[in-house]
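Listed features, source Swiss-Prot:
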CROSSLNK  Lys180  ubiquitin cross-link
DOMAIN    9-144  domain 'MPN'
MOD_RES   Lys204  N6-acetyllysine
MOD_RES   Lys214  N6-acetyllysine
MOD_RES   Lys313  N6-acetyllysine
MOD_RES   Lys314  N6-acetyllysine
REGION    281-321  region 'Disordered'
Amino acid sequence: MPELAVQKVVVHPLVLLSVVDHFNRIGKVGNQKRVVGVLLGSWQKKVLDVSNSFAVPFDEDDKDDSVWFLDHDYLENMYGMFKKVNARERIVGWYHTGPKLHKNDIAINELMKRYCPNSVLVIIDVKPKDLGLPTEAYISVEEVHDDGTPTSKTFEHVTSEIGAEEAEEVGVEHLLRDIKDTTVGTLSQRITNQVHGLKGLNSKLLDIRSYLEKVASGKLPINHQIIYQLQDVFNLLPDASLQEFVKAFYLKTNDQMVVVYLASLIRSVVALHNLINNKIANRDAEKKEGQEKEESKKERKDDKEKEKSDAAKKEEKKEKK
C-alpha cells in the first residue's frame, strides 16, 4: 500500500464550533440531513493542522446519490476573502456532518481536488451518542482489486485528534465553565470513561464481525491489508486457556477485591466515628442551650424581685412623708 500523504489530522475547536453553528442554522431553514463546508489550515510535514473553516451551499437528492450540487463559485469567493485575512491558511480539504460516509463522497472529494490535490475529508458528528472524538478523517487512495478489474477510488482512515492553541484553550474553558459539573469526582469520571471505552470497543468488535461476515458471504471483496491487521490484533490477545494466565488473573482480581473490601470497612468506620462525634456535639449544644435558658430565667426572676423591692421602698418613702 502506498504511503499516505497525511498521517494525522489535528482539528481546532473553532472548526467544531463553526460546523455546529452551520448545522443548526441550516437545520432551521430546511430539512437537510447533512451540511458541507471547506477546511482551511496548513501542513506541517505529514500532520495536517485544520484551524478554520467556512460553510458552502450544498444540496443533494435523497433518492439518487449521484445527483448533488456544490456551489464552487461561492467557494472561490469565500476563499478569496479568507486569503486576504490570513494568507497562510489554505484549502486543505472539506467536511460534512455525516455521521457516516456517503456514496457520493468520492465524487465530491474529486471536485475538491481542484483546490487541494491532497484533499482530506473530515466527518464531524454534531449529535454524538457517546463520549469520544466527534471527528473521523479520511483521504482518498487507489484500491487495487485481486480479480484484475481496474482500480477504484476509496477512502483510507487517518488518525485525527482535537488540538488547540493557548488562546483557544482559554476560550473553550470559558464556554464550558457553566457546563462542567464540579460535584463529579475523579473516581466517577474514571469509571464513566472506562464504561464509554468498553462501549466503543463493543461497537468496533461488532463492525469487525459484520465486515468478516460480509467478506465470507461474498458481499465484499477481500482486503488483505485489513485481514493482516486483524490477524495481528488476534495474535496480541492472551491465551485464556493457560493455567498460569488463569492463576495470575485470579490473584489480580483477589488483590483488587481485598482493596475494595478494606476501603469499604474504613469508610464504614469513619462514618461511625462521624455519627458519634455528631451526637456528642448535638448533646453538648443542647446542654449549653439549656443552661443559657436557665440563666436567662434566673436573670428575669432576679429583675422582677428587684423591681418589687424598689416599688416597696418607694411606697415606704411615700408613707413616711
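Every residue, even glycine, has its Cβ placed from backbone N, Cα and C.
Note: the CA-CA distance between Lys204 (N6-acetyllysine) and Lys313 (N6-acetyllysine) rounds to 100 Å.
If you measure from the Cα atom of Lys314 (N6-acetyllysine) to that of Lys214 (N6-acetyllysine), you get 114 Å. Secondary structure by DSSP for the domain 'MPN' (9-144): 39 helix, 49 strand, 48 coil. The average per-residue pLDDT of the prediction over the domain 'MPN' (9-144) is 90, rounded to a whole number.
Within 10 Å of the C-beta of Lys314 (N6-acetyllysine) there are 10 other C-beta atoms, taking all protein chains into account. Cα of Lys313 (N6-acetyllysine) to Cα of Lys214 (N6-acetyllysine): a span of 114 Å. Long-range Cβ contacts of Lys214 (N6-acetyllysine) within its own chain (separation 6+, distance under 8 Å): Leu220.
For Lys313 (N6-acetyllysine), other Cβ atoms within 10 Å of its Cβ number 10. Look at the region 'Disordered' (281-321): DSSP puts its residues at 40 helix, 0 strand, 1 coil. Within 10 Å of the C-beta of Lys204 (N6-acetyllysine) we count 10 further C-beta atoms, all protein chains included.
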